[in-house]
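Annotated features, as they stand in TrEMBL:
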- A:33-53: transmembrane segment (TRANSMEM)
- A:59-80: transmembrane segment (TRANSMEM)
- A:87-107: transmembrane segment (TRANSMEM)
- A:113-134: transmembrane segment (TRANSMEM)
- A:141-162: transmembrane segment (TRANSMEM)
- A:197-214: transmembrane segment (TRANSMEM)
- A:235-258: transmembrane segment (TRANSMEM)
- A:278-295: transmembrane segment (TRANSMEM)
- A:324-343: transmembrane segment (TRANSMEM)
């Protein structure tokens, strides 16, 4: 009894090695922290140089611009955490919109038929990308570059073949157009400001993706296949299914954005979309997703897209020459990548 | 002090069998037994006539130089390759594993040199990777994060690993600690036989000591351990049985009570090679007293193997 005090186990919470990790350093360990600091800095900067930037209506415009990148960045971020790339996303969005438009128009169906056909097309593009990647074991850069070129060609060729023009026929008079527009391209009045519905899609998708990534088995597998696919396979993770699923997730995001493009403008230019794939990748990278996989977050991709939206519209509100936009984008990409590199090194080293 | 005593009793080498016998033949049953196992790839014989046994709470060491057939042997036990000759029995039942999954289902887990961990992921996520615990139903089915963290912490504590934080990326752990997480994972997921493929090969002296201690921990938890190594100094302190391989053949299979560390080292190096080394040293003008000792040892090993 006398030595009872001696055998009392030490208080676990007071482990001196844990205590040294402050809230600050914990925060700095998050993948999206660099992007968050950048976003706050950029916001403050534009708020100073362009007072109109702070008006609610301008802010709604910035959010809309961000959402059109952000919706895709959700899927692309997850794919990048899973260790793969997709260069076909930009044109795949247009393929989806064209599929819905041309199919409904050619057969004079209700546009909703086309909308669901387009969903099938988008998922199929993801499935094909994924299966080719798994079967050939080629880098995703090459596989999706090939899909990118093929889709770009198909968009132009099929649109001319079926619709007889470089843009899809107008479908605004067709059955179901108004209801589809209400779902994919309407505005919601929030405290006197019209906010585009895509902003809400974007936020919902980021929340769902974060949930999947951090709180489900599949999320664990995504990190694992991106971090070390061989190790993941050795402990029984379905690597092929996870990667194919990620490509199909990107397809789903492309469908949402494609439908928005179609019903917002009621016709789609078949040559559009080329180059947009880089914007989605840039948003994911700025948001802290490692190019090599295994690290990142859905929220990071969203912040990356928001930075993009702010820089894009902020330059207009500041009444500068938009030529500067690309310079900004490149600079932010460079800084973000360097920050990511430092984070990864610190995570790997003891 | 009491714990120390029971541990001593536990590793007593008076008998290596667990007292289990086959009810029909009345012969002792081992947890895992290889009898005259052989393997050839085309006309190349990789392994020939290997006999060894693994029991609960015992460590069987497989020693051999590079190319001795150690990896072929573990690949057969782990289900990556199939043996062509001999029998492999698990708990008295003859088996031939068709895949690693098959071996795993029979309770044989392998910790490979590369460990199968994802460096950037937290320790607890690595621990449960591929076998995650979930809670809730349908679309709300989610990871049971708290429970997994707790189990990880407890399991590692049971192995004697004092962890700072199970949230930290596993890449931040030292090589020895990572090895231990992999061992603890295999133990937790129901392994009965644990195969450790050269766990100390890439580690320094201190880290190797740490891993050896965890091997003993695994043994004391009742697992049969197969410890592959080329270092007799690592094998001798923890092993109960020693299988020596050379060029795909067994050149000795000993219980600890029958062999000393010097004899083990001597056999691994090979008597003939030692004699050759002695001549070489002599020609170069080495110390005569050391040479005499080496020659004596060579003679004793030679005599012993003749006696067998």
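Glycine too: its Cβ is placed from the backbone N, Cα and C atoms.
Note: the stretches the transmembrane segment (A:59-80) and the transmembrane segment (A:324-343) are not in contact (fewer than 3 CB pairs below 8 A, sequence gap of 6 or more). Relative to the transmembrane segment (A:235-258), the listed stretch A:113-134 leads the set A:87-107, A:113-134, A:278-295, A:324-343 in CB pairs under 8 A. Ranking A:87-107, A:113-134, A:278-295, A:324-343 by CB pairs under 8 A with the transmembrane segment (A:141-162) puts A:87-107 at the top.
Sequence-distant neighbours of the transmembrane segment (A:113-134) (same chain, 6+ residues past either end, Cβ-Cβ under 8 Å): 84, 86, 88, 92, 95-97, 99-105, 107, 140, 143-144, 147, 151, 180, 240, 243-252, 254-255, 258-259.
When Cβ-Cβ distances below 8 Å are used as the criterion, the transmembrane segment (A:324-343) is approached by residues 29, 31, 34-35, 38, 282, 285-291, 295, 304, 307-308, 311-312, 315 of the same chain, each at least six residues removed from its ends.
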